[in-house]
């Protein structure tokens, strides 16, 4: 045996040194039982060759190698015992095994001989393993009902029906589980033992089983672990919380919520302390307190949480203080308007005021008259009516009231038509007198007895006007020059 091995080694060394090379992709090949397995082999040389010989040998541990088949050039010479199991297509040195069985597991040796000027030899060895693929594993938990934190233990077992050379690995939340003070594994890692269980052991567990030809993972399973209560706290939907004190305005209803981390969920009870006595006022996670129904301004409460599986209990205390700020709020609640209503009212008032101001400015009588007169051409003023002895003096003065506004020089424009003057009074003086009367028109008429008597005399004087009416008017004006109120009434 050792002689043959030494001879093969010398042949391989000589072949490698002489230029013959035999190569295989891998020295270990894994096969699946019942399927075909192909062992690829590549060889090459640089010298002329007349004959090429390929030989396949099979050996198991502690046994002699067996001849499987061989070829010279393109002729195959199989072992009659294995002629239907092994196939080779020369000059290709690769070997096909079909079907593969557990008995085919071992070392396969390929040897290549080249006959030319001399004989060159080289060989390679391939280890073949045969396995059955694993099936999907199933995880079982004991006890199935769960375990109590710090009290109970738990065992997870991975069950696989098929597969050879199985390797087990436990995963928690997708990461490998390692040995710790509470975690331990069986001999082949097929079981995971947790003792004692804690809240930190809660998670998604799975079992991964693999072998050289396959791998399968179980469905995720979450063990049941009872724990808690932890982190008991009380919150409210309103009011001011400072530490364990809630400040509430009188007249407001406040809702308290008590919660804690626990499995299964806790049962809650609310306890009120009054006059050194305590009594349960409600069961459940929520408590509503109407502040106006509380007789005391400061009341102590307590929320208790109890886990009926773990048997653990926790409680938290808090104080509710009723303030009197709410009384003023209630008194002003019906009287005060909302900010939106106030803003809306102010906006409407400003809009209406601006509209009224715009209309008042737009339709003022004196401005309308002034705008209309300013738009009239200058020729219309020159066509104004003159005094006549047969017209009413009041109507004449009324007409001059609209047209008598001064120009840039401060002198009112008079009609172009000449007007006769009174006796001894030139026409230029008449123009100045009429302008002064128009320029000093009062804004409002004054009523008194003297003015009434003067009106009668003025009317009588004006009724007698004729071609010399203007002279009489000037005479009347001369008589009443010192009486300012009478001149106002004539106008």
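Just so you know, glycine gets a Cβ as well, placed from its N, Cα and C.
In Swiss-Prot, the feature N-linked glycosylation site is attached to one residue out of 117, 189, namely 117.
Secondary structure at residue 207 (disulfide bond), as computed by DSSP, is strand. Cβ neighbour count for residue 207 (disulfide bond) (all protein chains, 10 Å cutoff from its Cβ): 27. Taken together, the residues in the domain 'Ig-like C2-type 1' (137-221) have a mean pLDDT of 96 on the 0 to 100 scale.
For residue 258 (disulfide bond), applying a Cβ distance below 8 Å and a minimum sequence separation of six or more within one chain yields 232, 233, 234, 268, 270, 285, 286, 287, 303, 305, 316.
Spatially close to residue 158 (disulfide bond) yet at least six residues away along the chain are 137, 138, 139, 168, 170, 190, 191, 207, 209, 218, judged by Cβ distances under 8 angstroms.
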